[in-house]
Amino acid sequence: MIEVLLVTICFTVFPYQGSPIILESGNVNDYEVVYPQKVPALPKGGVQNPQPETKYEDTMQYEFHVNGEPVVLHLERNKGLFSEDYTETHYAPDGREITTSPPVQDHCYYHGYIQNEADSSAAISACDGLKGHFKHRGETYFIEPLKLSNSESHAIYKDEHVEKEDEIPKICGVTQTTSESDETIEKISQLTNTPEQDRYLQVKKYIELYVVVDNRMYRNYNSNRDAINERVYEMVNTLNVMYRPLNFFIALIGLEIWSNQDEINIEPEVAVTLRSFGEWRNTTLLPRKRNDNAQLLTGIDFNGATVGLAYVGTLCRPTQSVAVIQDHSKRTSMVASTMAHELGHNLGINHDSASCNCNAGPCIMSATISNQPLSEFSSCSVQEHQRYLLRVRPQCILNKPLRKDIVTPPVCGNYFVERGEECDCGSPQDCQSACCNATTCKLQHEAQCDSGECCEQCKFKKAGAECRAAKDDCDLPESCTGQSAKCPTDSFQRNGHPCQNNQGYCYNGKCLIMTNQCIALKGPGVNVSPDECFTLKQNDPECGFCRIENGTKIPCAEKDKMCGKLLCQEGNATCICFPTTDDPDYGMVEPGTKCGDGKVCINRQCVDVQTAY
């Protein structure tokens, strides 16, 4: 049974309007002073079970007033904030690398919401008082302790009451984005996904994030590693809240501080720094620490108003699943917003066009980074992101960490099967399972299972019972083994298997057809160009190359002309190609695509399908 500790906080509220006060987040002109007082309580019908001794509760509630109105803030510890193999790395004065695995299980970073408000969220650090933000009635409020001696006072304020550190608008360094026209966005919104595509989009996705802090930023915080750690934890906790609407969960797998010297050349020219960091990730970081994405936080002032840069549509790639972000604000929420923006580029999202908007406040993917933090994704961003996922299907985001890999003490009754548990159907009052003992989280006598595609009436289904049907020509059906409640791992047809009436060949579980690639890039009503276009554009410097080497575009050989730039036909425009971007694969024919009878594209060459794999 889950132990829930509800902590009621009585806040005495003193609206304050006078001279500004200096908080960690900057100068605040208007705020309310509150004094939290903890009152332990149990939920209605709750039973308190012995639990491992921890400093911070898994679940807490705070009651207080906002503008004279009582609210209840519900908080739950962000159990997915750290991965089990989370490490911290710094460097000794002699350059030695020092890597540790600190005990981060009992951390103090929470997500939450205001009770009885559907559109509410919160990200709070409870390490030393309450610090963070919550959304109430469409507006974002910040809370942080007032550093007064012998006082538990906190300040609650809104973003508009914080003095701006710099009036110059900040920008992202990504310039070669392909913003869609209003007409194209409207057409995309009318597309209907297949049931299989909808299932794929609804599956929870995970990014194991590695954060690097450069030497300048380290020195900016008085060479205090603890202060750096706390700042990064808050940022990643906030990043998680911003990505939940996209069904993404971000786990911090490593934090590295270049405490002795920078391990790469960090230049004011942001593109140079991004390239160097990507090469470092590929050659130095990945061989010693797995991760899905790495971000560099730097204390350098990039040229102009730029505060970040990332490659577009490159998640999971060794050299390009990276971003660089200037630590441009005292406020962690501001820098977290920039981290979210650059990660959005890695996830295939370009800058919003003028027709894109958000329900409240600025959009995360606006080309100009707002002075207001804690933005949200526009409908344009959501559509573009989904198109990227369906077109590329990056594999690293699907490897869900095992429950034992999520750092948290097991809690019986929270519906998650954690280490040492055989099942978890909630509290005894809520449990609806005949197979699971809600008090012990163990299976009932003679029960083999509680849930799963291959579990039926507490028993494993017989071997051979189909548990996952083939979704298309390139998929294979899966059957139960008779020994497990889980359906076996999804498998697919061999590469080169003909699909969709011989229009294409299977490649890594997908039937790759050029017309479908055109639709993914341009929307409905588009087809692949006729063969004559590929001949006509063969020597075109923008549309006729097969690869780029040291910045030089290499034309396709005659036999390989169907494996370079993708050409599409829309209306009277018959030979459309796509502009070159920071993503070298954008607008190129995908590997495994049919380029002739019995031929497929591999490494930008049109080769015999019988020998390609």
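Please read every residue number as a count from 1 along the shown chain.
In case you wondered, yes, glycine gets a Cβ from its N, Cα and C as well.
Lifted from Swiss-Prot, the feature list:
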type: SIGNAL; residues: 1-20; note: signal peptide
type: DOMAIN; residues: 205-401; note: domain 'Peptidase M12B'
type: BINDING; residues: GLU208, ASP292, CYS396, ASN399; note: Ca(2+) 1 binding site
type: DISULFID; residues: CYS316-CYS396; note: disulfide bond
type: BINDING; residues: HIS341, HIS345, HIS351; note: Zn(2+) binding site
type: DISULFID; residues: CYS356-CYS380; note: disulfide bond
type: DISULFID; residues: CYS358-CYS363; note: disulfide bond
type: BINDING; residues: ASN414, PHE416, GLU418, GLU421, ASP424; note: Ca(2+) 2 binding site
type: DISULFID; residues: CYS423-CYS436; note: disulfide bond
type: DISULFID; residues: CYS449-CYS455; note: disulfide bond
type: DISULFID; residues: CYS454-CYS480; note: disulfide bond
type: DISULFID; residues: CYS467-CYS487; note: disulfide bond
type: BINDING; residues: ASP475, LEU476, GLU478, ASP490; note: Ca(2+) 3 binding site
type: DISULFID; residues: CYS499-CYS511; note: disulfide bond
type: DISULFID; residues: CYS543-CYS577; note: disulfide bond
type: DISULFID; residues: CYS546-CYS556; note: disulfide bond
type: DISULFID; residues: CYS563-CYS601; note: disulfide bond
type: DISULFID; residues: CYS595-CYS606; note: disulfide bond
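Overlay of Swiss-Prot feature records on the structure.
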{"residue": "GLU208", "record": "Ca(2+) 1 binding site", "Cβ within 10 Å": "24"}
{"residue": "HIS341", "record": "Zn(2+) binding site", "Cβ within 10 Å": "28"}
{"residue": "GLU418", "record": "Ca(2+) 2 binding site", "Cβ within 10 Å": "17"}
{"residue": "ASP424", "record": "Ca(2+) 2 binding site", "Cβ within 10 Å": "23"}
{"residue": "CYS467", "record": "disulfide bond", "Cβ within 10 Å": "18"}
{"residue": "LEU476", "record": "Ca(2+) 3 binding site", "Cβ within 10 Å": "14"}
{"residue": "CYS487", "record": "disulfide bond", "Cβ within 10 Å": "18"}
{"residue": "ASP490", "record": "Ca(2+) 3 binding site", "Cβ within 10 Å": "13"}
{"residue": "CYS499", "record": "disulfide bond", "Cβ within 10 Å": "21"}
{"residue": "CYS543", "record": "disulfide bond", "Cβ within 10 Å": "23"}
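The two recorded residues, CYS606 (disulfide bond) and GLU478 (Ca(2+) 3 binding site), have Cα atoms 33 Å apart.
Neighbour counts were taken at the CB atom with a 10 A radius for the recorded positions CYS396, CYS511; the maximum falls on CYS511. Rounded to a whole value, the Cα-Cα separation of ASP292 (Ca(2+) 1 binding site) and HIS341 (Zn(2+) binding site) is 17 Å.
Look at CYS363 (disulfide bond): DSSP puts it in a strand. Rounded to the nearest whole angstrom, the C-alpha distance between CYS511 (disulfide bond) and GLU421 (Ca(2+) 2 binding site) is 40. Rounded to the nearest whole angstrom, the C-alpha distance between CYS423 (disulfide bond) and CYS449 (disulfide bond) is 8. Fewest other C-beta atoms within 10 Å: among the disulfide-bonded residues CYS436, CYS595, that description fits CYS595. A straight line from the CA of CYS356 (disulfide bond) to the CA of GLU418 (Ca(2+) 2 binding site) spans 41 Å.
Ranked by CA distance from CYS358 (disulfide bond), the binding-site residues HIS341, HIS345, CYS396, ASN399 have HIS341 at the top as the closest. Its own atom aside, the Cβ of HIS351 (Zn(2+) binding site) has 23 Cβ atoms within 10 angstroms in the protein chains shown. The two recorded residues, CYS396 (Ca(2+) 1 binding site) and ASP424 (Ca(2+) 2 binding site), have Cα atoms 28 Å apart. According to its DSSP assignment, CYS499 (disulfide bond) is in a strand.
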